[in-house]
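Inspection log for the structure reproduced underneath, given as structure tokens.
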Amino acid sequence: GLVIDGRTLEHVLHDSLQNIFLELTEKCRAVVCCQATPLQKSVLVKLVRNKLKAMTLAVGDGANDVSMIQVADTGVGISGQEGMQAVMASDFAVSQFRHLRKLLLVHGHWCYTRLTNMVLYFFYKNVTYVNLLFWYQFFCGFSGTSMTDYWILILFNLLFTSMPPIIYGVLDKDVSAEILMELPQLYTMSQ
């Protein structure tokens with residue numbers, strides 16, 4: 001790992017040293033920046049995001065972390081002694097840092113699989129409906145005649161095809177939370 005303080009980080013973030021710093025950080029498993037200013041934190045996240053084309057996750061617990069959380073792809077705020085500013089600016093909030101692992105490995109996995117299956121369901125629904133309209137046009141000689149009333153189409157989308165994704169999205173858990181916590185590799189396998 002690499003530990004860098006705020007004074008050194010200020011020199012590294014200049015244009016001439018950015019590429020060297022990024023090459024060094026790519027070789028490390030973890031990079032910890034301590035005593036950095038809010039501007040340095042946000043510039044560092046922006047640098048990693050733009051130059052390395054990596055997804056970024058910023059975790060913070062105070063008002064000095066707000067700019068970093070807002071720049072990152074995903075921001076997690078920890079509610080604590082420093083106030084609620086980081087929580088209010090974040091995408092997700094946890095009460096303690098130890099809950100971050102469960103947020104990422106369990107809820108992240110479940111959310112990812114639910115969203116992918118929901119997208120597949122919507123593709124299936126639309127292909128089915130368009131296919132029905134296509135074959136109906138053969139029946140009516142491609143005259144452009146509407147097969148259904150507009151109210152039926154609205155009710156089809158509102159009632160019949162909206163409930164399964166909602167129920168599936170709320171209730172589906174392909175793997176239990178205990179197994180996901182024991183085997184973090186399952187998160188990358190779902191991608």
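Note that Cβ sites are derived from N, Cα and C of the backbone, with glycine treated the same way.
Taken from TrEMBL as is:
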DOMAIN    87-191  domain 'P-type ATPase C-terminal'
TRANSMEM  119-138  transmembrane segment
TRANSMEM  150-171  transmembrane segment
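Long-range contacts of the transmembrane segment (119-138) within the same chain, counting only residues at least 6 positions beyond its ends with a Cβ under 8 Å from a Cβ of the stretch, are 144, 147, 156, 161, 164-165, 168. For the domain 'P-type ATPase C-terminal' (87-191), the predicted model reports an average pLDDT of 83. Counting residues of the domain 'P-type ATPase C-terminal' (87-191) by DSSP class, helix then strand then coil, yields 78 helix, 3 strand, 24 coil.
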